[in-house]
């Protein structure tokens, strides 16, 4: 008879404890914060009442009574929980003695408070994870949009490259089908013949210069032939015609003038200095004063006049 009653009393205690924890969790979730802790009603098992009920046995009742914690006791328990959420036997006895509570009441309150603290911690973690998840979702959406934009740009660039390549291939194919250009015409041959590095025009110029009566070779040839005329025909016969006299007088003067100018040029090229330049000037003066110095010439015929 006693065994079923004990089993029923233990089942009733477990059921009451679970109901109390559920009520505490519900009140925490609905109220939230320290104000809810102060206003909530905590019901704990009284060990004295439970022991009396268990000893009575056949009284037919559990003999349990509930006690409500005061607001001051709840605040003191909150301060103790914030200091340390673990409850050892010595600390439990000290808190119970200070607050005039049963040690079992202190243990149940700490147990419920740890459950609420864990629930609140889970809620904070869930809120942090949810905010992070939302941020990641926004970032993922932005990355997806960027990916789509880049894919569209790549497709556009690929189309452009394909179009340019097709145009180039068509141009190359057209160039291959075109016939090659005709070869350039051969260069025209020159009519003038080159003989010993000089053309006919150069040869004719040299020939004309040699044939000219004013060239140096003609004058030199006439100068060398003049003394022979002195010996053969005589002085009077050489100057007999007036035209011959005029021509004979003109050629030596030109010869002397050319010799003076040639000497002047040699002095300037050879670097004879101021004296050489002065002599050259004197030679030039002698050329222009031909009548004064003509008496010194061997062929001058003034005495015969």
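Numbers run from 1 along the shown chain.
The backbone N, Cα and C atoms fix where each Cβ goes, glycine too.
Here's what Swiss-Prot has on this protein:
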- 62-121: DNA-binding region (DNA_BIND)
- 37-49: compositional bias 'Acidic residues' (COMPBIAS)
- 50-62: compositional bias 'Gly residues' (COMPBIAS)
- 179-188: compositional bias 'Pro residues' (COMPBIAS)
- 1-70: region 'Disordered' (REGION)
- 120-164: region 'Leucine-zipper' (REGION)
- 173-206: region 'Disordered' (REGION)
Average pLDDT across the region 'Leucine-zipper' (120-164), rounded to a whole number: 94
For the region 'Leucine-zipper' (120-164), residues assigned helix / strand / coil by DSSP: 45 helix, 0 strand, 0 coil
